[in-house]
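A.B. asks: Below you'll find the structure I mean.
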């Protein structure tokens, strides 16, 4: 009678127990199948073996806490990603409005004509200007007109300055070149654009130098920017004696020179003779202007 052999029948889904690492060829051991069979939990090759393989949701019998820690870390990472905002640069509303409504003139309901140019604008934006707000809300005939001719009495105002002034109604910020600031200030004052006037004033105070100080001082007096006028006067008191160039003295009026010479805050480099020399230059220039055939 031959030798008997037996085979253990396992229910579907049950697999053969994994051999313990390091066990000999003749011996084998089954892992505990607590909470389900080994197939349901996967297998773990712990340190000392060649590799480690673990199926999704598997438990490591040698380190049962490892799976829990990894799942927790993965959950935390997913939660962090869900709560981390992603930035994508979009075209700003201000740029869109400036390009579409101002530059392209889409859906314009009024035309402004001045200095031979024409702007297709919108009353709702023009009402930000005190000048146009009064025009449209009062009993002026222009309140019902679709085309308005502007008279420009100020010679400092040109087409470029009006372009900047009108454009400021359609955007959040305006870039002002120091070389253009007086013309833009003149346009802003005419149209009663307080924000643009303030920005012009700040630009002027930041760019006072030997070439701009006299023009800024005069313009600040003309358009009522007292803080700019004061800043220019302070600059002249501190730098007049160190910048004794002909061009600066040519631009200084007699009244301004009297104000500077008579101030106790005038900075003098060496001796009072410097003041006398500077004053003499101005008076000589003034006398030459009076005796010139043009005058």
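Every residue, even glycine, has its Cβ placed from backbone N, Cα and C.
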A.B. asks: Quick one: sort out which of 65-86, 87-108 is the region 'Disordered' according to TrEMBL.
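C.D. replies: Spelled out, TrEMBL records region 'Disordered' over residues 65-86, not the other listed ranges.
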A.B. asks: Between 1-39, 118-156, which stretch does TrEMBL give the note region 'Disordered'?
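C.D. replies: Residues 1-39 are the ones TrEMBL records as region 'Disordered'.
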